[in-house]
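Right, one structure below, let's go through it.
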Amino acid sequence: MKGDHFLVAFVFLALAASFAFASDPSPLQDFCVAINDTKDGVFVNGKFCKDPKLATANDFFLSGLDIARNTSNPLGSVVTPANVAQIPGLNTLGISLARVDYAPYGGLNPPHTHPRATEILAVLEGTLYVGFVTSNPDNRLITKVLNPGDVFVFPVGLVHFQFNVGKTEAVAIAALSSQNPGVITIANAVFGSTPPIRSDVLAKAFQVDKNIVDHLQKQFCLITMKGAHFLVAFVFLALAASFAFASDPSPLQDFCVAINDTKDGVFVNGKLCKDPKLATAKDFFLSGLDIARNTSNPLGSVVTPANVAQIPGLNTLGISLARVDFAPYGGLNPPHTHPRATEILTVLEGTLYVGFVTSNPDNRLITKVLNPGDVFVFPVGLVHFQFNVGKTEAVAIAALSSQNPGVITIANAVFGSTPPIRSDVLAKAFQVDKNIVDHLQKQFCET
C-alpha cells in the first residue's frame with residue numbers, strides 16, 4: 001500500500017509540473033505583441049537573458065536607496081525604483097523595491113495601481129495616511145495612518161495612495177511582487193493619455209461638463225516616450241516553466257485574509273469546493289445571455305456577467321464571460337480596469353469606439369473603431385473603455401482570463417469610495433480646486 005501511495009503522489013506531482021510547464025507566464029510588461037521577425041525584438045518576461053556563467057555581483061546590486069530625494073514638485077513626492085531596469089539580476093525573480101520620499105504635510109503619492117504586483121510598504125520616517133479601494137460594486141475605502149515601523153499591504157491591481165499628514169518629511173520602502181510591476185497613475189492615464197480620450201467619453205463617465213474635462217486634460221498633457229526593445233533567449237523558456245511551478249497562484253478576489261478558525265469559512269481559489277461526486281450539469285450552466293438589457297441609465301450600458309457567481313462550475317477554471325449592451329450613440333462602458341484578467345471582446349451588433357491606456361510614463365492611448373465580428377484585446381490591469389458611436393444599439397461579448405476578474409470603475413473608485421478619499425488628497429492628485437472634487441464626490445456618493 002505504501003508503494004501505491006508513493007506512486008500516486010509521484011504521478012500527481014508530475015502532472016502538476018506538466019500543467020505548470022504548459023501554462024503561460026504572468027506578463028511582465030503591459031503586453032507582448034507576437035512577431036515573426038526577431039530582428040525587431042521580442043519581449044519574453046521583459047528582458048533578454050545573459051549567459052549565467054558571465055554574471056557578477058554587480059548584476060544583483062544597486063546603491064543609493066538611502067539618499068533623500070528632492071520633493072519640490074507639484075505632488076511633493078518622489079519614487080526611486082529598484083526594479084529590473086536598475087538591477088538586471090532581478091529578471092525572472094518576481095520582486096522589486098522602491099523608495100518613496102514625501103514632502104512635509106501634503107506630500108502625495110497619488111491614487112494609482114500596479115497592474116502586475118501587490119505592494120507591501122514599510123514607513124521609515126514620518127506619518128502617512130494610506131489607503132486602497134476595493135473593486136466594484138463596493139468601492140470600499142480601507143485606510144490607516146502609519147508611523148515609523150508600520151507596514152501596510154496594497155493588493156494587486158487596486159487603486160491606492162499615500163499622503164504625508166505629518167509636519168516633517170516622510171520616507172517609505174515598498175516591496176512589489178514583480179520585477180516590473182508597472183504604475184498607472186489614475187489622473188495621468190485618464191486625463192493625460194496620448195492621444196487624449198475623447199472629452200464626451202470622459203464627461204459622461206465622470207458626469208461633469210466637458211469644460212471640466214478639457215481643464216483636467218490640460219493639466220495632464222504628457223510627452224510620450226518610446227519604449228526600448230529587447231531580444232530573448234530560448235533557454236529562458238525552460239527557466240520560466242520552472243518558476244511557474246514554484247510561484248503562488250494568482251488571486252481570484254481582491255484579497256483573502258487568512259483565518260485560523262475554519263468555521264468562519266476558508267477561501268480556496270475564491271470559493272469553498274463542493275464534493276465533485278455531487279456535481280451536475282446545472283453547476284456548469286447559465287441561460288439568458290441572449291436577452292437584451294435595458295440601457296436607460298446615466299451611462300447607457302449594462303454588463304451581464306457570467307462568472308463564478310453565476311456558474312459555480314467555473315471555480316478554479318480561470319475564465320469567464322460577460323455580455324455588454326450599449327444604448328444608441330453615447331452608450332458607454334466607462335474607463336475601468338480588471339485587476340485579475342485580460343479581456344478579449346468581440347462585437348455582435350453596432351459600432352464601438354474602444355481603447356486602453358498603457359502604464360506610466362507613456363500613458364499611450366491605443367484605440368480602434370469596431371464593427372460586428374471585430375475582436376479587440378484589453379491587457380490585464382490597464383485602464384480601458386468601450387463607447388457606442390453608432391446610431392443603433394450595440395452588443396458585445398467579452399471573455400476574461402479569470403473566474404472572477406474584478407472591476408474597478410475609475411470614477412467610482414476614486415470619487416465614490418466609502419468612506420470618501422479626503423478632498424485635499426484628490427484636489428492635489430488632479431490639480432484642481434477642492435470645490436471640483438466635492439462636486440465629483442457628490443456625483444458618485446452612494447445613496
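Glycine is no exception: its Cβ is also placed from the backbone N, Cα and C atoms.
What TrEMBL lists as signal peptide is 1-22. The feature domain 'Cupin type-1' is assigned by TrEMBL to 63-214, 287-438. Here TrEMBL flags 227-246 as transmembrane segment. Annotation comment: TrEMBL describes CYS256-CYS273 as disulfide bond. Feature annotation from TrEMBL assigns oxalate binding site to ASN333, HIS338, GLU343. Marked as Mn(2+) binding site by TrEMBL: HIS336, HIS338, GLU343, HIS384.
Of all the binding-site residues listed here (HIS336, HIS338), it is HIS336 whose C-beta has the fewest other C-beta atoms within 10 angstroms.
For the recorded Mn(2+) site, residues HIS336, HIS338, GLU343, HIS384 set the reference point as the centre of their Cβ atoms, and the other residues of that chain within 8 Å of it by Cβ are THR337, ALA341, PHE356, PHE378, LEU382, VAL383, PRO405, VAL407.
Note: the oxalate site is recorded as ASN333, HIS338, GLU343; in the same chain, ALA322, HIS336, THR337, ALA341, LEU345, PHE378, HIS384, ALA398, LEU400, PRO405, VAL407 also have Cβ atoms within 8 Å of that site's Cβ centroid. If you draw a 10 Å sphere around the CB of ASN333 (oxalate binding site), it holds 27 other CB atoms from the protein chains shown. On a Cα basis, ASN333 (oxalate binding site) lies 9 Å away from HIS384 (Mn(2+) binding site). For GLU343 (oxalate binding site), the same-chain residues that are 6 or more apart in sequence and have a Cβ closer than 8 Å to its Cβ are VAL377, PHE378, HIS384, ALA398, ALA399, LEU400, SER401, PRO405.
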